[in-house]
Amino acid sequence: MNIILLGPPGAGKGTQAEQIVEAYGTVHISTGDIFRKNIKENTELGKKVKEYIDKGLLVPDELVVELVADRLMQDDVKKGFMLDGFPRTIFQAEELDKVLSKLGTKIDTVVNIEVNPDILIERAVGRRICKGDGSTYHVKFNPPKKEGICDTCGQALYQRDDDKEETVKNRISVYTDQTKPLIDYYTKQNNIANINGEQNIDTVFEDIKAALGSDK
Ligand SMILES: [Zn+2]
């Protein structure tokens, strides 16, 4: 089974990805991992990627597609894969379809985890982390016994810069703008499963399983 996993930052995509891999034995393919592996192994593609990253530039679409295509040609992927963080643009989506068609395969389901932006903001902005042991709390959903203090080690809690309201809002709006055309693209292909990500983790996964069916 070949899957694309979509979902805004903070929607619990990572947790669901782990569960999908465990249940279906799919190979988890993230562009970040592919970049790192190619750079580490100093492949021709890795050298090109490194040039862009070193200059602080975005890796161009064509190169990202080349890297993903290279990964999809490897043997382990034949048992099924899950793409995470790719495609991000219509160009990438169209190129992916071409690559898969050459390989005699296709995307079976696009799992699109949906969460209202207000909820994503509330989840992130209320998050507090312990300076001592890294425990996470939430001011509303999982507060420490004593405000601002870690239950387990007694050290002070802090808010990450990444969880500040403006940063979160900006991250969500970038995601939404980027992903909207892709959602339209896969909706037209009629293989998208919109999943309500506002439910608890287990229910979200039950819905994903229902959408994927029992095929492996
Ligand atoms: Zn602590």
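Placement of Cβ uses the backbone N, Cα and C atoms for every residue, glycine included.
For the ATP site, TrEMBL lists Gly10, Ala11, Gly12, Lys13, Gly14, Thr15, Thr136, Tyr137, Gln199; matching the candidates Arg36, Arg127 against that entry yields Arg127. Here the region 'NMP' (30-59) has, by DSSP, the following mix of helix, strand and coil residues: 21 helix, 1 strand, 8 coil. Proximity of Arg160 (AMP binding site) to non-local residues of its own chain (separation of 6 or more, Cβ distance below 8 Å) is seen for Arg127, Ile129, given in sequence order.
Contacts of Val59 (AMP binding site) defined by a Cβ separation under 8 A and a same-chain sequence distance of 6+ are given as Phe35, Val49, Tyr52, Ile53, in order along the sequence. Note on Phe86 (AMP binding site): other Cβ atoms within 10 Å of its Cβ, all shown chains, come to 21.
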